[in-house]
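> So Swiss-Prot has the following annotated:
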DISULFID  Cys179-Cys223  disulfide bond
CARBOHYD  Asn157  N-linked glycosylation site
CARBOHYD  Asn178  N-linked glycosylation site
CARBOHYD  Asn205  N-linked glycosylation site
REGION    87-92  region 'Important for surfactant activity and antibacterial properties'
SIGNAL    1-19  signal peptide
Amino acid sequence: MFHIGSLVVLCGLLAPTTALLEALPTPLGQTLPLAVTPALAPSPPDLAGSLTGALSNGLLSEGLLGILENLPLLDILKTRGNAPSGLLGSLLGKVTSLTPLLNNIIELKITNPQLLELGLVQSPDGHRLYVTIPLGMILNVKTSLVGSLLKLAVKLNITVELLAVTDEQKHVHLVVGNCTHSPGSLQIFLLDGLGSLPIQSFVDNLTGILNDVLPGLVQGKVCPLVNAVLSRLDVTLVHSIVNALIHGLQFVIKV
């Protein structure tokens, strides 16, 4: 027969044993109840780096550098130069000395294209993101006017606006708003420093043409790639970014 006194002794023995078990660490792979360790929402500091990293990797995977390197830049310049209208046609109409300059260029090739570190800025209201895509490249120029090969360093920024929009089915998407080259961001300079007066004059004239043509040309290649990359981003990352933009949460952006 099980006596009450025995029950009291048994309970007394179990009490310290239970306390010891509770003090033991949780085995690996075992999740504690939410009441003990409440789940934390993804923090904005994680989003900025994750987004720029995903966009950068995506652009490289889409072949951005190869696309830039294979641009038929000289053919495009000569085609537009012969056209009676357009920015370049207007420029050549005003400065007729540029026509023989184009005709005397034997080769104009992009080499060593680079995608530099992406930048990220948030709008003051917190509902939009602006991604800066900085590009660098070298222009190899051969011309009958100059005996040696000229190397021009080129830098250009493309700015992409990202925002959250709601469709007719009330689904929210992360989309590209404006995508354009940053005004005044194009930099072209002679890698070997200042050349002789004829060489520097040639570089200045060529720079004037490239200022009107190159930004729009590069923009036309980069912006469609951004759309393609955006459509393939990790769903969880997109959801977190959209949620932050809708609520105007400030991203912590490391400079």
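Positions of Cβ are set from backbone N, Cα and C atoms, glycine also.
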> With an 8 Å cut-off on Cβ-Cβ distance and a minimum sequence separation of at least 6, pull the same-chain contacts of Cys179 (disulfide bond), or say none.
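The answer is Ile158, Thr159, Val160, Glu161, Gln219, Val222, Cys223, Val226.
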> Give the residue from the glycosylation sites Asn157, Asn178, Asn205 that has the most other Cβ atoms within 10 Å of its Cβ, counting over every protein chain displayed.
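Result of the Cβ crowding comparison: Asn157.
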> Pop the Cα-Cα gap between Asn157 (N-linked glycosylation site) and Asn205 (N-linked glycosylation site) into the table, whole Å please.
22
> Asn157 (N-linked glycosylation site) to Asn178 (N-linked glycosylation site): how many Å between their Cα atoms?
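With the alpha carbons as reference points, the distance is 14 Å.
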> Around Cys223 (disulfide bond), how many other C-beta atoms are within 10 angstroms of its C-beta?
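Counting Cβ neighbours of Cys223 (disulfide bond) within 10 Å gives 18.
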